[in-house]
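For reference, TrEMBL has these:
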TRANSMEM  7-28  transmembrane segment
DOMAIN    11-144  domain 'EamA'
TRANSMEM  40-60  transmembrane segment
TRANSMEM  72-91  transmembrane segment
TRANSMEM  97-121  transmembrane segment
TRANSMEM  133-153  transmembrane segment
TRANSMEM  181-201  transmembrane segment
TRANSMEM  213-232  transmembrane segment
TRANSMEM  252-271  transmembrane segment
TRANSMEM  278-298  transmembrane segment
TRANSMEM  304-325  transmembrane segment
Amino acid sequence: MGYCDGKWTPVIIMITINSALGLGNALVKKVLDGGVNHMVIATYRLAISTLFLAPIAFFWERTTRPKLTLNILVQLFFSALVGASLTQYFFLLGLSYTSATIACAFISMSPAVTFVLSLVFRVEKLNMKSKAGMGMVMGTLICIGGALLLTMYKGVPLTKFHKLESHLLTNHNPALKPENWIVGCVLLFAGSSCFGSWMLIQSKVNDKYPCQYSSTVILSFFGTIQCALLSLIKSRDITAWILTDKLDIMTIIYAGAVAQGICTVGTSWCIRKRGPIFTSVFTPVGLVFATLFDFSILLRQICIGSVIGSGIVIFGLYIFLLGKVRQMKEECEKKLPSHFGQEESQDDEHYKKGHHLMVVPMTP
C-alpha cells in the first residue's frame with residue numbers, strides 16, 4: 001500500500017502517538033528532577049501497562065494464542081530483562097542527567113543501532129555494493145555522528161532566562177553540569193543498544209509465540225518484577241515507593257496507560273496498515289514535541305548543540321530509512337513474476353504471524 005493513498009488516519013494516529021510520547025518523556029523528566037527513583041517509575045509504569053494491556057490481549061488473541069511452554073516463558077523472561085528492565089534502567093537514568101529532547105534524539109537512532117547489532121550478530125546481511133547498503137551504512141554513520149555531537153558539544157543557549165531562574169536551575173538540575181551531561185548521553189546510548197538487542201531477541205521469540213499483545217503483557221509483567229528487584233537492590237527505603245505529589249502520580253499513570261498502553265495498540269495498528277518503515281518516519285515528531293515541552297513546561301534552556309545534533313540524527317534516520325526502503329524494493333524485484341503472487345501471500349501470512357510486527361513492551 002502506498003503512503004500517499006488519501007487515507008490520513010494512520011498519519012494522524014502516528015503524529016498523536018509521538019506527540020504523546022514526547023509529552024510523556026518531558027513529564028517523566030520533571031518527576032525525575034523532583035527526586036523520584038528512576039526504577040520506581042519504571043516499575044509502576046510497567047505494572048500499569050500490564051494491567052491496561054492484559055484485557056486487550058485476553059480478548060483479542062483468545063482464539064489464536066498458542067500454548068505457552070516453559071521454554072517460551074524463559075525466553076520471554078530474558079527478553080524482558082533486556083528490553084524492559086535494562087533499557088528502562090539506562091534510559092531513565094540517562095534522562096535524569098540530560099533532557100527529554102536529548103533522550104528522544106537517542107530514541108530516534110534506535111533503528112540504526114538495531115541494524116548495526118543485526119550485522120554484528122549476523123542476523124542481517126549487507127551488500128555494500130548496492131545503493132541500499134551504502135545508504136543504510138551512511139545513515140547509520142550520520143546518526144552516530146549526531147549522537148557524538150549531542151554528547152560532546154552543548155554550545156551557546158538559544159533561549160534565555162532571568163539570572164535568578166538560571167541560578168536556581170543550575171543548582172537543582174544535574175543535567176546542566178557538563179560531566180553529568182556526558183554520562184547521561186552514554187547511558188542513553190546504552191539504553192538504545194539494549195533496546196536494539198531486544199528487537200533482535202524478540203524477533204526470534206515471535207517465531208515461536210506470535211501473539212504480540214500477549215507477549216507484551218508477559219514481558220511487562222516480568223519487567224515489573226525485575227525493575228522492582230533492581231530498585232530494592234539499590235535502596236530498600238520503602239518511603240521511595242510512596243508517591244504523594246499529584247503530578248508524580250498522574251505522570252506515572254499517563255506514562256503507563258497512555259504513553260505505553262494506548263501508544264502500543266495504536267502503533268501496532270499502524271504497522272499492520274502501513275508497515276514498520278512508515279511508523280519509524282514519525283519518530284522525530286516526538287523529538288519536536290519533547291523540545292517544545294522541555295522549553296515550555298520544564299523551562300529548560302535549548303542549546304545550539306542539541307538542535308544541530310538532533311537535526312543530524314533525524315537526517316541520518318531518514319537516510320537510513322530510504323536505504324531500507326530501497327533494499328526492500330530490490331528484494332521484491334528479485335522475485336520471479338510467476339511466483340510473485342504466491343510469495344506475496346506468504347509475506348501476508350508472515351505479517352499475521354508477527355514476523356514483521358513488533359509490539360514494543362516498553363517505550364524507551
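Glycine too: its Cβ is placed from the backbone N, Cα and C atoms.
Most Cβ pairs under 8 Å to the transmembrane segment (278-298), among the stretches 72-91, 133-153, 252-271, 304-325, belong to 304-325. Between the transmembrane segment (252-271) and the stretches 40-60, 97-121, 133-153, 181-201, 213-232, it is 40-60 that has the most C-beta pairs under 8 angstroms. Distant neighbours of the transmembrane segment (304-325): 99, 101-102, 104-106, 108-109, 111-112, 115, 131-147, 149-150, 153-158, 277, 280-281, 283-284, 287, 291; these residues of the same chain sit at least 6 beyond its ends, with a Cβ under 8 Å from one of its Cβ atoms. In summary, the transmembrane segment (97-121) lies against the transmembrane segment (133-153): three or more C-beta pairs, each 6 or more positions apart in sequence, are under 8 Å. Most Cβ pairs under 8 Å to the transmembrane segment (213-232), among the stretches 7-28, 40-60, 133-153, 181-201, belong to 40-60. A contact between the transmembrane segment (133-153) and the transmembrane segment (40-60) is absent, since fewer than 3 of their C-beta pairs, 6 or more residues apart, lie under 8 Å. Averaged over the domain 'EamA' (11-144), the predicted model has a pLDDT of 89.
Taken through DSSP, the domain 'EamA' (11-144) splits into 108 helix, 0 strand, 26 coil.
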